[in-house]
Amino acid sequence: MLWIDGVRAVAIFMVVLLHSAAPLLYKYNEVPLEYWFTGNVYDSLVRSCVPLFFMVSGALLLKRDEPITDFIRKRFSKVIIPFVFWSLFFVFWASLYELRSGIFASSFYSLVFQPSYYHLWFLYTLVGLYLYMPILRKIVNNSNNSLLVYFIILWFVAVAVVPSGERVSGLDSFVDLSSISGYVGYLVLGLLLSKKTYNLKQATLAMAAFVIAVCVTIFGTYYLAAQNEGVFDGYFYENLSPNVIVASGSLFVLIKFSIESLFKGGETCISKSIRSVSACSFGIYFIHVVFLYLLKNGDLGLTLSAFVGDPVYSVPATAIVVFIASYSTVLLMKNIPFIKNIVP
């Protein structure tokens, strides 16, 4: 399905843009306010990136019916090799290239439980979701849409509404909703939203919801930073915050509607490019942080980061260059025997 590839392609570029803008957010008192705010706007726009990946997994995998052993074998054969390789790669990278003292020995010990580099947290979460998915499949496949909607509402209350209420009130809730917490709701949400074909009115409502959610993220984050004398507070950036959940679901609908509306005929150059980027998205996720670091240090003959000039231009420029470099590298790696297994 081209729209699934479209969601993946958009999500992976959003990841690169997020990490291109993120360094500005910790410099509230060190850069002009408009520069910090620009980074905040870019980052707020793309907070849905990882939830989109989880929703795609739900849309593709929850409706399948296969033995648990087959599911585990297929999923983990795709994940384990890159998981091990990139975890070890970034141990060496951080120790030998970035010269972080003390990380080498400690990282080997903690790899089973903690990521060796900041973006690899996604893999650990994905493994947990895969382990739980055969159970969730049985629940989903024996439930009607009304029950799944109830599941999503209860999940939203558990992971977003209750924590927000606790933060605002300072009181702890004694209602135990821990059995329906974490990212599992994104899997079910992705499945539910994938079942429908959307019209222009529904897409317009999704656009409005996305804009409102992004504005809440932008101004909520600015308010918290100003209240904390410039110390960054990422509450509104969290993947399970109410605004990010709304933005993620809305953007999923928007991309599905746009792709299905624009590509009704046969294959075109654009649709082929979308499929190609989608196929490379896992590899791009792993490797893009390397190019971010090399460009920041000028090690590729070009110095480029959010801090080079006006971030209105430097952030998207950095993201585009990093994305093209990462995509090209992954395309090359996919054509090399054995190497292709680390960028599935």
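Keep in mind that glycine also has a Cβ here, set from the backbone N, Cα and C atoms.
For 2-325, the entry in TrEMBL reads domain 'Acyltransferase 3'. A mean pLDDT of 91 is what the model gives for the domain 'Acyltransferase 3' (2-325).
The transmembrane segment feature in TrEMBL is assigned to 7-25 (among others).
Positions annotated as transmembrane segment by TrEMBL: 45-63 (among others). Distant neighbours of the transmembrane segment (45-63): 4, 7-8, 10-12, 14-15, 17-18, 21, 71, 75, 122, 126, 129, 133, 136-137, 140-141, 183, 186-191, 193-194, 214, 217, 237, 239, 244-245, 247-249, 251-252; these residues of the same chain sit at least 6 beyond its ends, with a Cβ under 8 Å from one of its Cβ atoms.
Within its own chain, the transmembrane segment (75-96) is flanked in space by residues 61, 103-104, 107-108, 111, 115-117, 120, 123, 126-127, 130, 133, 282, 286, 290, 341-344, which lie at least six positions past its ends and keep a Cβ under 8 Å from the stretch. The transmembrane segment feature in TrEMBL is assigned to 75-96 (among others).
If you look up TrEMBL, you'll see 116-135 (among others) marked as transmembrane segment.
Look at TrEMBL and you will find 147-165 (among others) tagged as transmembrane segment.
TrEMBL lists 177-193 (among others) with the feature transmembrane segment.
Packing against the transmembrane segment (205-224) from elsewhere in the chain are residues 25, 37, 40-41, 44-45, 47, 198, 233-237, 241, 243-244, 246-247, 249-251, 253-254, 257: each is 6 or more residues past its ends and has a CB under 8 Å from a CB in it. According to TrEMBL, the feature transmembrane segment maps to 205-224 (among others).
Residues or ranges marked as transmembrane segment by TrEMBL: 244-263 (among others).
Annotated transmembrane segment per TrEMBL: 275-295 (among others), in sequence order.
Annotation comment: TrEMBL describes 315-333 (among others) as transmembrane segment. Within its own chain, the transmembrane segment (315-333) has Cβ neighbours under 8 Å at 12-13, 16-17, 20-21, 24, 38-39, 42, 276-277, 280, 283-284, 287-288, 291-292, 295, 302, 304-306, 308, 339-340, 342-343, counting only residues six or more beyond its boundaries.
Contact between the transmembrane segment (7-25) and the transmembrane segment (177-193) is absent: fewer than three CB pairs lie under 8 Å, with pairs separated by 6 or more positions in sequence. Beyond the transmembrane segment (275-295), the same-chain residues lying 6 or more positions past its ends with a Cβ under 8 Å from any Cβ of the stretch are 2, 4-6, 8-9, 11-13, 15-16, 19-20, 82, 86, 93, 97-98, 117-119, 122, 302-305, 318, 321-323, 325-327, 329-331, 333-334, 342-344.
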